[in-house]
Amino acid sequence: MASTSNGARLVPRHKEVPGCVWKPGMVGPGCRPPAALRNAAMEGKDSYYDMGRYADTTTWVLLALIAIAILPGLLHRLRIRRPTLARRIVRLPLYSHIAALCRWIGYYHPRSPPPGNRRPLVYRLLRVDRLPALGATLVLLAFSTGLVVWCMAVKPYYRPAEVWGSTPLGVRSGMIAQGIMPFMFILAMKLNPITWLTAISHERLQLYHQWLARLVLLFSLIHTFAFLWQPLHDGGAANLKAWFNYDRVWWTGSVCIALLVWIVASSVGAFRSFSYEFFVVQHILSVVVFLGFLFAHTRDLLQTWRWLWPIVAVWGFSTLWRWSNAMRQSSFGRTRAMVEVEIDDGHEDEDGKARTTDDGAIVRVALNAPAAWTPAQHFFIRFPTLGASQAHPFTILSLASPDPQKESQLVFVARVHRGLTRHLYRHVKLTGRRTDGASTGTSLRSNTVAASKTEKRHYDESKSALLVDRGADSEIELCQLPYSDEDAACCTLRTVSLTLPAVIDGPYGSGCSMASYDAVLLIAGGVGITFCLSILMDLAVRSAAPRSAGGIVTKKVALVWSIPSLSLIPWFTPYLLSSLTTLRSNGIDVELRLHLSRPSAGTDTCIPDEWGTHPGRPDIPALIARFADRSSLVDDAEASRHDGDDGEGEGEGVETMSVCVCGPGGMAADTAHCVSALQRSHVLSAASGLREVYLVSLVGVAWRSVA
């Protein structure tokens with residue numbers, strides 16, 4: 001196999017007509033100028049044999065962006081494992097100002113119009129509520145614009161004729177697409193090296209996967225049109241047909257571009273929402289066929305397979321690891337999950353109307369498995385008897401067992417949507433066993449909280465019976481809080497339950513711990529409370545440990561929960577009671593605001609007296625601003641009460657604050673907008689003592705991965 005001086009392989013592609021002598025003006029594929037003449041004509045004019053640099057440069061730019069994202073990922077992991085050390089890093093010179101400037105731009109998102117107000121025409125045309133945050137938008141825009149300008153700025157676009165060599169515009173656009181291709185595939189996978197390096201969860205990477213796919217399609221279309229235009233310009237449709245019949249690369253390329261258009265077009269939200277399970281199956285099959293034809297189309301010309309084999313390797317490893325781990329965690333199909341649904345006695349749905357359908361109903365799933373996770377992570381659950389091809393993401397509510405040698409109890413609570421959750425709800429409701437008057441913690445032990453290994457201490461029963469140490473020879477066990485009769489009544493539900501085989505896949509998500517922040521504001525909408533409540537429970541458990549043993553520096557916690565109906569409350573009351581009681585018993589200032597978005601929605605549900613309710617939806621901007629102002633004004637006397645056993649931080653006030661939100665898109669957008677504004681008004685301003693305001697956001701279940 002011959003090669004050029006720069007190592008590019010020369011694969012013989014064209015078979016010339018025997019005895020052919022090329023003459024000027026000949027444009028057909030059967031007779032071409034001598035190779036030496038063609039190479040000399042390409043010299044200094046974007047030679048075909050130098051086109052590999054476009055893919056190389058594109059790859060290096062993407063690797064550089066990933067390297068930049070690794071630094072915040074390291075700090076994120078440090079916050080989970082060593083909160084006090086992470087606090088010292090925040091105090092480094094210039095850190096707070098650089099981080100605040102990046103977050104001011106990165107978090108910004110246009111606010112959604114108030115309820116009842118008509119959205120402006122521009123807002124509706126541009127689908128502003130669907131746009132990513134400004135930071136992600138700027139990164140994608142700068143990257144895309146740079147590549148397009150680079151591709152189009154280089155001249156020439158074409159050779160004198162196709163017989164003089166492939167069109168430079170077509171080849172370099174194809175090589176740029178080739179350089180993006182591995183990252184596009186990797187970003188689609190649930191288990192991928194980018195998440196491992198940057199601690200950015202796969203659902204957040206879906207945004208970049210989707211936009212890189214559109215960028216690949218753009219450059220592939222430029223590649224296609226350039227190659228079609230050249231023979232058409234040289235000799236019309238007859239010449240184009242001659243080239244198509246001459247080399248199969250034209251046919252394989254046509255199949256590739258058709259599949260790519262279909263893959264991108266069928267990935268729009270409307271198509272996914274129509275039938276997500278069908279979308280997943282056809283998407284994976286289409287991608288596999290596309291990849292096979294791409295191998296045939298490129299034929300390792302210019303060493304293009306260097307960008308394709310890594311896709312196969314990473315995808316294969318990810319799939320093998322996920323399935324083997326799922327089988328291990330599910331005891332090779334022997335795991336059984338208890339699924340529980342409430343008996344419908346006319347409860348109201350999220351629109352405040354009497355529920356006559358499954359929409360708005362709640363499903364709770366609990367099972368034991370040898371798994372470990374961190375707060376705010378999620379699992380995909382598959383019920384083989386209900387459909388082996390359907391898997392649904394559930395945010396995990398419970399905490400992992402402190403002993404890695406023991407199984408942990410996984411508890412999930414989800415609202416019924418179309419697809420698997422609706423099928424599951426109907427199946428359990430029809431065939432399950434009634435458990436009338438059962439407490440939400442009776443059968444599923446949902447009012448238990450796990451602790452880390454360092455928290456082996458007793459608690460005063462009058463404050464919290466959260467953990468019990470059974471002696472030196474036994475591990476810490478989980479136990480229930482001693483509820484009052486009134487509180488126990490608030491945990492009672494009339495339910496039906498059923499045990500089903502289940503396969504779990506996970507955990508996924510970067511997870512998070514707010515233990516390194518002085519003030520924590522949790523904002524939840526509906527069942528988004530599962531995300532926030534797992535963080536709250538983690539704070540409650542870690543609040544008992546000294547700082548040197550992995551405890552927390554948190555002084556203030558506030559939870560804002562907006563619900564459409566009070567019927568949601570009994571599902572989560574045990575967790576809230578346990579967490580709030582434990583935090584208060586350990587000196588943490590805790591506030592709970594319960595907002596009933598539709599005041600007529602359910603008034604017969606018991607709630608603890610200390611909670612109370614606020615009518616209407618929460619005013620997110622006002623709540624965040626007030627919490628930030630109150631947190632930054634914590635006096636030294638209050639701060640000193642929370643000093644750790646190591647004596648660090650004596651006399652400190654509130655310097656760091658985090659805001660966690662999980663709910664509808666409008667709620668998440670308003671929260672991001674307000675946290676962005678806080679960077680300038682509080683962190684960059686000398687008038688406030690806050691040095692950091694951090695945002696963690698999850699928008700409902702709008703995200704799903706397929707790989």
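Think of each number as a place in line: the chain as shown, counted from 1.
Every residue, even glycine, has its Cβ placed from backbone N, Cα and C.
Cross-referencing 368-388, 557-577 with TrEMBL places the feature transmembrane segment at 557-577.
Range annotated as region 'Disordered' by TrEMBL, chosen from 436-455, 596-615: 436-455. Residues 51-52, 54-59, 62, 66, 69-70, 72-74, 76-77, 147, 150-151, 205-206, 208-209, 212-213, 215-216, 219-220, 223, 287, 298, 302, 304, 307-308, 310-311, 314-315, 318, 321-322, 380, 505, 508, 510, 705-707 of the same chain sit 6 or more residues outside the transmembrane segment (175-199) yet have a Cβ under 8 Å from a Cβ within it. Listed as Cβ neighbours of the transmembrane segment (307-324) (distance under 8 Å, sequence separation of 6 or more from its ends, same chain) are residues 55, 59, 178-179, 181-182, 185-186, 189-193, 291, 294-295, 298, 505, 707.
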